[in-house]
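Student: Here's a structure for you.
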Amino acid sequence: MDATSIITQVSRDDEQLNVCPNEKDDVERLKPPKRGFFSSFLCCWRRNRTKTNQNGTSIDGSTTPPPLPDQQRYLLPQVRHSDMHKKCMVIDLDETLVHSSFKPIPNADFIVPVEIDGTIHQVYVLKRPYVDEFLRKMGELYECVLFTASLAKYADPVADLLDKWDVFRARLFRESCVYYRGNYIKDLNRLGRDLQKIVIVDNSPASYIFHPDNAVPVKSWFDDTSDSELLELIPLFEKLSKVDSVYSVLCNSNNPLNSVAKINNTNQQMSTPQAQMQQSLQQQQQMQIQTTHPQNQQQAVQQTITATTVITQATTISVPTLLTTQHPHQLQQHQQQQQHQLQTNQQQQHQQQLEGSPPNPPDLSNKT
C-alpha cells in the first residue's frame, strides 16, 4: 500500500489525490440513485415536498430505494439528550482543520506514527490557525461529527490530539463514504439526522456533491499562518444554529462566505473617520431640528443636507494635499477668517431667532 493513500487530501492546485486503484474493493459502495444526485441541485422547497408512501413510491411518481436494515441504516448513534436541541455539524479534517505530510515539517504541531505494511511512518501535522477556538465554539452550538475520507489508522490518532474538549460525538472515516465516480462522497442521508438540521464544513466540493445546499465551503489550507477563515466563519454558524432550517440561509446563496464578507465590509466602512463624522453631524442636526420652531424646521433640514455634503467633500481631501497647496502664513490667515466668519454667523442666527425671522444659511464658502 502506498503510504500517501491513507490520507485523502487535495494538492495546492486543487487536484484530488485520494484514489488508489487497489483500495476500491475495500470501500466499494452501491452508487446512489440518479434521482438522489440530480434532486440535490433543485430548489429547497421541492426537497420538503417529496414524500414517500408505504410502497416506496414518492408523490411525484419517482421510486425510492428500499430501506436498509435497521442495523445498517444510519451511521450515527442516537442523539444524546444534551444535544437534542442542537443541529448536526459534519466537519472535514484534512485541509479544513489540519494539513498533514509525510515529509518532515520543522514546526509541526503533531507527529503521528502510522503503521503501513509492517513499517512505521511518521506523519507531520499542522493545525490550521484558530482551529482550537473554532472547535470549542462549535461544540457549544452543534452536535459535531468528524467525517473524513482518510483512513482511521491516521485520522483517529490525529483527532485524539486535536479534540481537547471531546467535541466530536462521532468519528466517521473512509469506509463510511460512498465511492462514486472516483471520489469519496459524504452522503448525509446516511447519518440519521434531519437534513434541514445538518451543515457540512468541507474544503472539497466533491465531498458534498449530493447535498450542496447543506454545505459551507472553506478554502483549502496548507500552511498559511495568516489564515483566519475558521474564526471569520463563527458568526455565520452562530446564526445557523438558531434558524429552523439551514436551507433558509444556505439555499439562497452558492457561497455563504459572500454574506459574511458583505457584513464585514459594511462594518469596516462605518468605522472610517468620514463615516463617523457624518453620523455625528446627522445626530446633532436631528436634535436641533426637533427643538426648532415649526416654521423654521424646513430650512433647518436644508442646512443639514448642505452641511453634510460639504463635510463629505472636505474629508476626501487629505491633510498633506492642503499643506502642499497653501503657504503656512496663508493657512493661519485662512483659519482666522473661518473662525471669525463662524462667530459672525452664530451671532446673526441668534439675533434672528430672537426677532422671530428665519435664520440665514451659514456661509461655508472657502475664502482665502
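The backbone N, Cα and C atoms fix where each Cβ goes, and this holds for glycine too.
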Student: Please identify the range among 5-26, 269-290, 291-312 that TrEMBL labels region 'Disordered'.
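Tutor: Among 5-26, 269-290, 291-312, the range TrEMBL annotates as region 'Disordered' is 269-290.
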Student: Note down the number of other Cβ atoms within 10 Å of the Cβ of T148 (site 'Transition state stabilizer'), including every protein chain shown.
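Tutor: Result for T148 (site 'Transition state stabilizer'): 30 other Cβ atoms within 10 Å.
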Student: So what's the mean pLDDT when you look at the domain 'FCP1 homology' (82-240)?
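Tutor: When the pLDDT values over the domain 'FCP1 homology' (82-240) are averaged, the result is 97.
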Student: Of all the active-site residues here, D92, D94, which one's CB has the most other CB atoms within 10 A?
Tutor: D94
Student: Restricting to the chain of K186 (site 'Transition state stabilizer') and a gap of 6 or more, list residues whose Cβ falls under 8 Å of its Cβ, or answer none.
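Tutor: Correct list: V90, F147, A149, L172, S176, C177, V178, I200, D202, S207, Y208.
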